[in-house]
Amino acid sequence: MMTRGATRMTRTVLGHMGPRYFSTAIFRNDAGTGVMSGAAVFMHGVPANPSEKAVVTWVRHFPVMGSRSAMSMALNDKQHDKKAENGSAAATGGGDGGDEKSVVSYWGVQPSKVTKEDGTEWKWNCFRPWETYKADLSIDLTKHHAPTTFLDKFAYWTVKSLRYPTDIFFQRRYGCRAMMLETVAAVPGMVGGMLLHCKSLRRFEQSGGWIKTLLDEAENERMHLMTFMEVAKPNWYERALVFAVQGVFFNAYFVTYLLSPKLAHRIVGYLEEEAIHSYTEFLKELDKGNIENVPAPAIAIDYCRLPKDSTLLDVVLVVRADEAHHRDVNHFASDIHYQGQQLKDSPAPIGYH
């Protein structure tokens, strides 16, 4: 840091060098002040602002440092005027808004107001009424793909090996177990859809609808997670575990899908079979009364089109049916690859719920 003496010396040197290297003759008399004031009247149509007069005085006495300070003062005036305009615009547009805060943007992008079928206002921004569905609970939950090839057996036993540490860690806490399961299950659809999207761009070809199907699967699993977050309140170490598991699984599945899509889809198919088993055990605990059958979260009622008096048991039934549909889709995708074809060669089961 510079000492006070050094600071004074620097100011003195700059004061002597200023008149030689920075011409300030125009500002050294009253005519210069008149020029500045006249320029302000010409540019703005109004007499000079106090800060503009201060600029003249500052530049007259401190010719070297004046340019930077003059710019700062001018910017302050502009910011002040802009704040005043924004304040008047907000006061004009406040009208019927009440206490709701709306973002006023130059780009004019305004969210549309959505209503339900009965005319009431739709309160969710994370999904819209046309994205909701009514699950098919009649789907066969017992279907199983018997592993025959080496890759099938590898996928099957990989998923089985992941089940044991999960059983040890969560034991009978099926709410937290479901939360962990959904954070993992939402990854494959996003990874597969992303890679198919990039492949479609590289090869200038259609995807057969599989990009949308896989991304819809990821979104459906994410909504399951949002539902169970309302039921199970995870601890800090469970959140840390989710963070670690998701990071490892995302990268592992990404590499697996690049090397062998049929193996990747088969793994997800077996993972969904395990999810069906977990939710079946969840339902047994609810039936026994070991887990309180609380009212269904509002987000699940609207997303799955459940009755208003639905409970957690109804939510688990719907989620289990969703997992069965994801099981079928991923085993089907793996079978397409096993038959030597690409996913784009077979139409995707869009909207298969």
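Cβ from N, Cα, C; glycine included.
Going by what Swiss-Prot states, the Fe cation 1 site holds E221, H224, E323, and the candidate of E182, E274, E281, E285 recorded there is E182. Binding site for Fe cation 2 per Swiss-Prot: E221, E323, H326, plus E272 from the candidate set E131, E272, E273. Checking each of the binding-site residues (E221, H224, E323) against E272 (Fe cation 2 binding site), the C-alpha distance stays within 10 Å for E323. The DSSP secondary structure for E323 (Fe cation 1 binding site) is helix. Counting residues 6+ beyond its ends, the transmembrane segment (178-198) has Cβ neighbours under 8 Å at 166, 170, 207, 210-219, 221-222, 224-225, 228-229, 232, 234, 238, 241-242, 245-246, 249-250, 253-254, 257-258, 261, 264-265, 267-268, 271-272, 275, 278-279, 282, 316, 319, 323, 326, 330, 343 in the same chain.
Other than E221, E272, E323, H326, the residues of this chain whose Cβ falls within 8 Å of the Cβ centroid of the Fe cation 2 site are, in sequence order, A185, E217, N220, V268, L271, A275, D322, A324, H325, R327. Sequence-distant contacts of H326 (Fe cation 2 binding site), defined by Cβ-Cβ distance under 8 angstroms and a gap of at least six in the same chain, are A185, E217, N220, E221, V268, E272.
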